[in-house]
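A.B. asks: My structure is below; once you've seen it, I'll send some questions.
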Amino acid sequence: LRLDKHGVPLSPQPSDDPEDPLNWPGLYRAFILLQVSVLSALGTYNTAIINPAYNQLSAEFDVSIVTASYQTRVQLTVTIAVNGLGPFLFIPFAHVYGRRPVYLVTTLIGALSALGCAYAHNFGQLVGLRILNGIFPVGAALGVATANDLFCLHERGRALGIYTVLSTTGGHFAPIPGGLIGQYLGWQWIFKFAAITNSFCLLFTFFFLPETLYIRDRTRDIVEDSNSNSKSSVRRYLRRMNLGKRYPGRELRISDFFWPYIKMIRYPSVVFPAIYYATQYALGSTLPAVTVSHIFAQEFNWDTLQIGLAYGTALLIGAFLGETAGGWVVDSIMNRARVKALKGSSAPSEIRLRAIWTGEIIVPIGLLWYGFSIQFGAPWIVPILGMGVGCFGVQCITTVMYTYSTDCHLTKSAEVAQVFNFVRQEIGMTFAFYAIVLGEAMGGYHLLFVFFACVGSILAFIPILVLMWKGEAIRAAERRIFAD
């Protein structure tokens, strides 16, 4: 029986196989996590890199700035039809044939579709190619499963915190190069640069990202074979990078493409956190991203470069600072509870929800800060700071919600992450489409963001309070009712 540094049994227990990812050196596992996080970040990176250049798209295709922003909103809409359906298509393959082939194929799709956007001749072609680009970011769901392949329970809060902050940071970082390139080279080169970035990640992944899917009930003969292969570093490398691995007993069925997700939405421990996280993410991260170009061009007469640098930097700093109050806090709370209980990993997952209060309080502060400062003509730095504050809170919420729901369903982490991804993109699309028009209809952005703060921090938070109070009992009832 293997124990952690606190003397608590590891969960899950690593096997005796040196090729079990849980047995790999810590730095190597961190290196893999970093790669997977970057691959996941490419999804939001490709979506957001064009945001500062809405004015250029408006002039190029003779449409309004709000209409130009629809090419990004359409990609969010496609979360229901494409971006959200992409992981539904690819994750079953990852469970049967391994994670590595899926990462390579989807990153290739991302590179080619981003390059195609640069050569769009009309607005319809651009929207169509952006929809195709929405197929590939499978890392948003599969990355959580990969993190769970690599880390035991007591390490996952920190690991998923790093993963989520890097994953979401793709969209926060993208406006910085997007604004710079758009200002001096034009909007076409923004997409070309995205294609170059994707291509570099594809090559790096091909040579350095190993397969992490591992079946721990394998026979002793297979373990002994792994021990013999591990004696040669070259053979060990080739074994880990092999694209032709087979996993006996795992077969692809039609039901794998929809039934696991239908089962997931039966669980309050998945649905309630997904809705709360998605709402706060859409309000604190997606909403500024799709409205800032219109608002700051109108209110401050900013150009593409200024918009990209200012809001990209604000969201980037907010996300990284938010993570310092996310994963580390979640893990420390969980470890203290496990040691106190002296029952190993039996400490209830609801303990992680205690870390939610930081984000719950800070997100509405950031939203109101942003909305009121825009409405009443504050200097540009004021709404920019409001964006950063809101994003800080969003990152705290992201880490807590991901770790809680995946802890509740350890063997279904990819499916849980895909439910989160699907709900996040659907809600983000909904807010993004009508935010500017609704704000004008309501009589000001201050009223709009008061409404949004109430939706995210009151209505969506009530089910989380229920889970904090009765979550363990609800999960016990889930196990009795849904024994399958």
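Cβ coordinates are placed from backbone N, Cα and C, and glycine is handled just like the others.
Not measured: the values here are computed from a predicted model.
According to TrEMBL:
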type	residues	note
REGION	1-21	region 'Disordered'
TRANSMEM	31-54	transmembrane segment
DOMAIN	32-471	domain 'Major facilitator superfamily (MFS) profile'
TRANSMEM	74-94	transmembrane segment
TRANSMEM	101-121	transmembrane segment
TRANSMEM	127-147	transmembrane segment
TRANSMEM	189-209	transmembrane segment
TRANSMEM	274-297	transmembrane segment
TRANSMEM	309-330	transmembrane segment
TRANSMEM	351-372	transmembrane segment
TRANSMEM	378-404	transmembrane segment
TRANSMEM	416-437	transmembrane segment
TRANSMEM	443-469	transmembrane segment
A.B. asks: Per the 3+ Cβ pairs under 8 Å rule, pairs at least 6 apart in sequence, do the transmembrane segment (189-209) and the transmembrane segment (351-372) touch?
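C.D. replies: No, since the transmembrane segment (189-209) and the transmembrane segment (351-372) share fewer than 3 Cβ pairs closer than 8 Å, they do not count as touching.
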A.B. asks: Quick test of the contact rule: Cβ under 8 Å, at least six residues beyond the ends. What residues does that give for the transmembrane segment (443-469)?
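C.D. replies: Distal contacts: 268-269, 272-273, 275-276, 279-280, 283-284, 287, 295, 350, 353-354, 356, 360, 363-364, 367-368, 370-372, 374-376, 431, 435.
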A.B. asks: Using Cβ atoms only, state whether the transmembrane segment (274-297) and the transmembrane segment (101-121) have three or more pairs under 8 Å that are 6 or more apart in sequence.
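C.D. replies: Since fewer than 3 Cβ pairs under 8 Å link them, the transmembrane segment (274-297) and the transmembrane segment (101-121) do not come into contact.
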A.B. asks: Other than its close neighbours in sequence, what residues sit by the transmembrane segment (101-121), given a CB gap under 8 Å and a spacing of at least six beyond its ends?
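C.D. replies: That would be 36, 39, 42-43, 46, 86, 90-91, 93-94, 129-130, 132-133, 135-139, 142, 188-192, 194-195, 198-199, 201-202, 205-206, 209, 243.
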A.B. asks: Report the mean pLDDT of the predicted model across the domain 'Major facilitator superfamily (MFS) profile' (32-471), rounded to a whole number.
C.D. replies: 81
